[in-house]
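To keep things clear, I will list the structure first and then write my remarks on it.
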Amino acid sequence: MSTTILHKKNLIPGKTSKLTLYAPEIAARARPGHFVMLRMHDKGERIPLTIADIDPEKGSIVVVYLVVGKSTAFLESLAEGDDILDVCGPLGRPTHIEKGGTAVCVGGGTGIAAMHHIAKGHFRAGNRVVGIIGARSKDLLLFEKELSSFAHELLVSTDDGSYGRKGLVTELLRERLEKDMAVFEVVAVGPVSMMAAVAETTRPFGVRTTVSLNPVMVDGIGMCGACRVSVGGQTKFACVDGPEFDGHQVDFAELRRRLAAYRDQEKLSLDMYERRLHEN
Ligand SMILES: Cc1cc2nc3c(=O)[nH]c(=O)nc-3n(C[C@H](O)[C@H](O)[C@H](O)COP(=O)(O)OP(=O)(O)OC[C@H]3O[C@@H](n4cnc5c(N)ncnc54)[C@H](O)[C@@H]3O)c2cc1C
Ligand code: FES
């Protein structure tokens, strides 16, 4: 199914944008935690992006992406009104959301946008939502306004101290858990190193910890095996068994290794794309 970009908002110049896409069938069925696969043109690869918000009445979904390689660079070159060849979804298992008390939702970098949809789900289920968000600096912090419209508490950290607490989200998380043992779940979405650190922070507290994994995906529907991850010693496919898993059981070292496996080819592909852009 093709889709049209209804609205584009650049959040971090040249790096991160928020797209509202017309996709009524997906908007009607999507739940927090779901993702879509986008293919921009007939020679393009399919890339997974988390559904950061939905508006079933307008038939639209929101995705937020960080430009890291050729496909996300091409996506960034599109404008409002442009078409995207394929959008497939909603994919993956939705977040398991139950009413349990206080849920702490931790987001890092672009992951804050995806975490925002999960946090909203907890809010709608009647849970007390504590949002903890972090970025390298103030200008890279996303979705603070959106989260503060419903989160009961919002704690912010930046690596350089330009906004909120200077330091990492895990320091805020540890302090918050020490203050309030009634937290029934911690959810983390962000860079692999952040999710691994969140899982280590919550382990001594024995709090259920859910992380949203981002392995390389090819088909997104369980056929190719590209998204293989190890969880509790078992092989899982993130696109159909996840992408959310028990953070205390995930083999993060393996995930890091697998994410880096095609780095040379990905760099070459981006270099060639940029060279062609400059030549034209
Ligand atoms: C379920 C899921 C949901 C995702 N949601 C989002 C989202 O909402 N927003 C967003 O910006 N990104 C998201 N990602 C990551 C996104 O799919 C990749 O960044 C994208 O496919 C990269 O494509 P590319 O061609 O631009 O870069 P590539 O050339 O493929 O890669 C360039 C660089 O990015 C790294 N990379 C490649 N694939 C991934 C990946 N899956 N995760 C992290 N780093 C990767 C590579 O190691 C390399 O360093 C998600 C991934 C998954 C699996
Ligand atoms: S992406 Fe192919 S099996 Fe998951």
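The backbone N, Cα and C atoms fix where each Cβ goes, glycine too.
Because the structure is a prediction, the values reported are computed rather than measured.
Record features, source TrEMBL:
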{"type": "DOMAIN", "residues": "1-97", "note": "domain 'FAD-binding FR-type'"}
{"type": "BINDING", "residues": "Cys224, Cys227, Cys239", "note": "[2Fe-2S] cluster binding site"}
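The DSSP secondary structure for Cys224 ([2Fe-2S] cluster binding site) is coil. For the domain 'FAD-binding FR-type' (1-97), the DSSP counts in helix, strand and coil order read 14 helix, 45 strand, 38 coil. When each of the binding-site residues Cys224, Cys227, Cys239 is scored by how many other Cβ atoms sit within 10 Å of its Cβ, Cys224 comes out lowest.
Under the three-state DSSP scheme, Cys239 ([2Fe-2S] cluster binding site) falls in the helix class. Residues Cys224, Cys227, Cys239 make up the record's [2Fe-2S] cluster site, and a Cβ search at 8 Å around their centroid adds Pro215, Met217, Val218, Asp219, Gly220, Ile221, Gly222, Met223, Gly225, Ala226, Arg228, Phe237, Ala238, Val240 from the same chain.
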